[in-house]
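There's a structure below that I have some questions on.
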């Protein structure tokens, strides 16, 4: 056949087609190595390929064998040689192009991840069904892996094998799945109109069907295609993919011939039309011919099929479409490999040439041998080259094509109709084989080393393959990017690639189309490459056909849904998704961080979104997100919804955002109600309920006014109910102490999983500095920011940050995202009106004020520039004349008040004009022009017919503003910040919310009003006036209750206040300060006085019914309480007594707390436990006896012998049949009915201190001083496991109610939690104690109580955060337990008391100013400030008048290296000593450090600074005394270097007021005086036989006060011995414990001392006749609950002193004379945190319960130095 030359124009050469990917065989659906399964690329290749590749080459084959096209294809690379006149030649030794290894490694074939459904559950998607049917057992094997199977088990993971095992054992389920597959075929056959999704379903289901149903499906597809009038491209592609993925036995050669005939006829009929349809048909023919060749289809009728198809393909060369021409050429080449029914000889005669059979079969194999492929291709190249030399007159082969350098179009036209095989086709098939097998590294080598790589057609096909890889989203992104990179590398750096301009144009078009893909990474890479390659070139050419190598996976499963009668919800879900994605899109969003709980530190945070996604992947059911008002909870919820909808996959969990306030009765049918709002039908709702998981995002629990657990009331996650994950948000201000009960789900099995395992919480943390900066960057570049500056220059990010830093208080406020937004909007106006930013005081309420004004002003300007209707313009002018901003504020004030009055504070207002035009809502949302303008100008948002404020806090702000009544004052000029708005008397507004609403239910409103109190003193005065008015006017009772609650919350103290007769029932006075307040005749019914300071308050004749104090009276015992326990029914309480004469056990009735049994005849009881039925109590004593007692009669029932030493712990088994007791290193189990010893458990090597049964009674757990926790089988006594700890000796154990956690207490003062099953460590509770005396879990598992030294501490069991500390015991606490109802914590102590604490009293609601605790405290030299150093090393200066703490001056780093810190006398410097023996001083204000002074050989214990500022003295552990010259640090002196022993250790150093003397006292009672200037010892006197602990100079320097263990000695320096001895006459034994501090007042008239017993004593100096000095005792202040670390007198203010304690509390006191009697009153205190009632007067108090009366009586007697029984 002759060939013609077809010159090609540049324009036509630019149209090289990026052909549709030709996949070459069956689809595979593989299962991954997890419970996930995979669907590979749906156009994968035949599995018929043999893994053994024959590398041998037959050099003896004859020409007929070589040209035979009917001999079949036996090898992956046919290497049949050609016998010819020319001898065989080895592969051409063409130079190999140096190649770049872009694909550096082979990878797994591309997969689509599919989740295996739960066994037996309904199949929701067709991919799942295909996967499940493919896993059905076949024969005796778990899975029969056929070569052509599209379902292949890729791993033997336990989950998959368990699924298969379950399936093999359930023939009914097998039949159900097969029935579903068959029904899919029936449904497809019935459907006349087959859309692309249904076709895609069949492509997935076909490969896993049995032969019968597959052939039916195939027949249906062929018939549908053949009968279609118009070409259905999707059906065409689906038909081909069905053939590709056909099971090996289901496809017959006749099927392929039949399909080929249908395609050929359709192609013949359409090839004269446009190129679109012929292209798709030719592409399908190419795929089918590949399959036929690989399936060895023989005897294709040459006359009926072969030649007509050849003719049609050859006829396409007249087309002007190069893409169609290439595809036709490819199909023609594939046709040459499908043998016809012509003999080899006939073929030779007809073609006058030989044909070499060399096909690389693209097969689904695990490994292709690269070497074999290259060798075969090389020999095939040489073989074809030989043929060309012999028959060049008939056929120009591949080598001549390469050498000629002619274009692709010429080659295409020559290739069509020539009847010859070309090597480029075979090489491209090999490339596809490598790609399909994931052998990308081998593909990379093949591209560079293929013998035919210079052939433009090979280059064209390879570029197409790389384009397909890059565009196929099933491939990993890195693989796709590498494909783009390799295209670029070939284009730019390969000299042999793209020499033909059509190939290079082809490559650019592929890259250009990749640049338009939806995948951002690939698109970005492709566009960047295209820009680099094209630069100034024309880039307008585009590919005419899409890059789609397969039908996409179905996005829904309509066919499956129809056969299962599933409501078509996916389409409606998709529509809903589009809407929600738009509504939840955020223009300004910063990723929030969160902490584990309310009490976690702000710097211990994690990304909130990551934690929520972890929760969604876990087994937990509810996640509570807490945060302050404005912390970003709603913003995060919207972002979470957007993220979940973005990631949503068909059949996956459905995100459902619910604004709880907008739902009526969310406690019932919550999900269904919201879905109805979203327009889902009842059938769809039922479908989602039964077969889908819902991710509930519940926003605004606090705004919904709900007090119930929505998870429980909606019965979520119950059998037959909604399957959900709930993310629910709530404001922290809304919470009470037991808030977790409102959110924790109810476990279905108390032993399987406790509610703590189903619940998680997170608290949104304040913005960090980096978050603030990131937010400011987004805000500063936002489109709305420019509007705030109008014609001024917009601030840069740096300018914003500078302003935020310069203005006091703002830095702390803007840690709240909403307040940050308000601040950024308000800053420009605020700065413009103030020159000195450092003097601006900005509070939360100020930001809201400015924001509202700014908002209304901006909207006034907007309306002014808008085109308004005539009515609107008239209304607008009227509003402007009346002050637009004032009218807007008035509108919002009225609206907020109406919301609370009319709908109880529900923030969502629903307004439909037709229904609501006559209601109160019309005044705010009606059609009146003024109303419309004000509504549109207000900070409101609208969703449909629902309105609400921009933020809940805005509503609360406006209601607080109603109360503040600022609207009646007139507009405040914010441009003149010195002006103050004074509201009119609140007494006139008796119908307002202050008078009509209980504000205790609205903590945020109270917070706004607290700001008003601190901002405007007049407002505070008016609130106090209302309180006073209540004395005579009962109508203001509610207002008075609100008023005093506001004032107490604002930190206003009522010391010495006249509150006689006030009516404030129900007020929250917790943490209030009422020192010496007068409450006579007041109505205090139901008032909360928890932690209130009521010292010397007069409550006589006051109504105290229902008053709460946060604790109950203690129970006084006859000896130390060593253990205590509640009976399981809660009716009884028992305690073990030690050192109580002839009494060992006491039992109380908990309803009255009356003692009902005092069991005598035994003593020194160490442990007690009640039986499960509460009828018996068992005890263990010092001598090892275990006795059982009857709780009703008190009689002994059993005595169990065996132990010989103390029994420290015992426990009843849950069933009540066993008693376990520990003594020494052994544990014994007794039968509780017979007293017989059942087991003796041994294994511990030191004293066992605690034993506990697991909740199910199956295990016994013991803890020992040997540092181990051992587990035993309680039924057999066999050891189970040992947990070896590294945290010291185990003192006590507790097990959580659900049995998941063990808590262990250790001698180092820490408590650790351990997983009961795995033994892995959990939380650590650090109580800073020496020892843990007891541990108890609350019955609900939410809390842990610990006995730590003298305190009881309450912890959050889920987070390890400290909730409350209960002080009151004077000696170590030995045991702690919860009441069964969780309400009471009981503790026993060596102080012989049992104390009862209200667990529900919760932490302080007032933000404490110093949670860490101070280590040093002093006054400044001017007396206006107090100075402090806290436990973290922060140095602060506070206001001595109010107690307000200032900002941190500087912070000491590595505080643990310091051994001592002391302020200088003037407070300007800080002297420090270190553990390494060095000394250093620091500037208090700047933190500048002085030189390090070295000389001590051991840790420095004491430092002192001289008042003159010249000297510093120090003493170390060895009592070496050194003196340092501060001005000349080289001058260092040793005053005493003898290194005295412990008996004469230096205890105190003090300089005289003029600095001329240094006094030193020591443990041996000696006082020495040195002259610092001369370093001379002036005197040394032994003044006491006992120990001298501290000393202090009198103001005139003539007297030293010496603190001892039991007195204060006063020594006049002129005398030889102390002249006076001060003691606290008449006080209790511990009143004068060791002195820790002593201080003179500046006037010298008072002397105060602090002692280890937490008491401060005060004396007053008198001069009698003859100027004889005497001191009278004034008072003992027994109000401290922790070690006193600071005692200082104000250097300026007379008779005023400050005390600081280790617990962080600070108090300032003033001494005054009241009718000649010295009295001490507290001026202010911070961090008091405990109930204080010394001196409280209760004469004829009304309604005080006996139990509370007893509590107060005990408190009073304790303050008097005695205990009340």
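A Cβ is built for glycine as well, from the same backbone N, Cα and C atoms used for every other residue.
TrEMBL lists these features:
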DOMAIN    164-541  domain 'Arm-like repeat'
DOMAIN    622-779  domain 'NACHT'
REPEAT    1165-1199  repeat 'WD'
REPEAT    1241-1282  repeat 'WD'
REPEAT    1290-1324  repeat 'WD'
REPEAT    1325-1365  repeat 'WD'
REPEAT    1366-1407  repeat 'WD'
REPEAT    1461-1483  repeat 'WD'
REPEAT    1493-1534  repeat 'WD'
DOMAIN    1533-1591  domain 'Anaphase-promoting complex subunit 4-like WD40'
REPEAT    1539-1580  repeat 'WD'
REPEAT    1677-1719  repeat 'WD'
Going by DSSP assignments with H, G and I as helix and E and B as strand, what are the residue counts for the repeat 'WD' (1461-1483)?
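Computed counts for the repeat 'WD' (1461-1483) are 0 helix, 14 strand, 9 coil.
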Which numbers of helix, strand and coil residues does DSSP report for the repeat 'WD' (1677-1719)?
0 helix, 25 strand, 18 coil
Of the residues in the domain 'Anaphase-promoting complex subunit 4-like WD40' (1533-1591), how many are helix, strand and coil by DSSP?
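The domain 'Anaphase-promoting complex subunit 4-like WD40' (1533-1591) comes out at 3 helix, 30 strand, 26 coil.
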By Cβ distance under 8 Å, which residues at least 6 away from the ends of the repeat 'WD' (1677-1719) in the same chain are close to it?
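Contacts of the repeat 'WD' (1677-1719) (Cβ under 8 Å, skipping residues fewer than 6 from its ends): 1095, 1365, 1367-1368, 1408, 1410-1419, 1421-1424, 1426, 1428, 1430, 1440, 1443, 1636-1643, 1645-1646, 1648-1652, 1654-1658, 1660, 1725-1730, 1732, 1734, 1758-1761.
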With DSSP as the reference, give the number of residues of the repeat 'WD' (1290-1324) in helix, strand and coil.
0 helix, 22 strand, 13 coil
With helix taken as DSSP H, G or I, strand as E or B and everything else coil, how many residues of the repeat 'WD' (1325-1365) land in each class?
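The breakdown for the repeat 'WD' (1325-1365) reads 0 helix, 24 strand, 17 coil.
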Could you count the residues of the repeat 'WD' (1165-1199) that DSSP puts in helix, in strand and in coil?
0 helix, 21 strand, 14 coil
The repeat 'WD' (1366-1407): mean pLDDT?
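On average, pLDDT over the repeat 'WD' (1366-1407) sits at 83.
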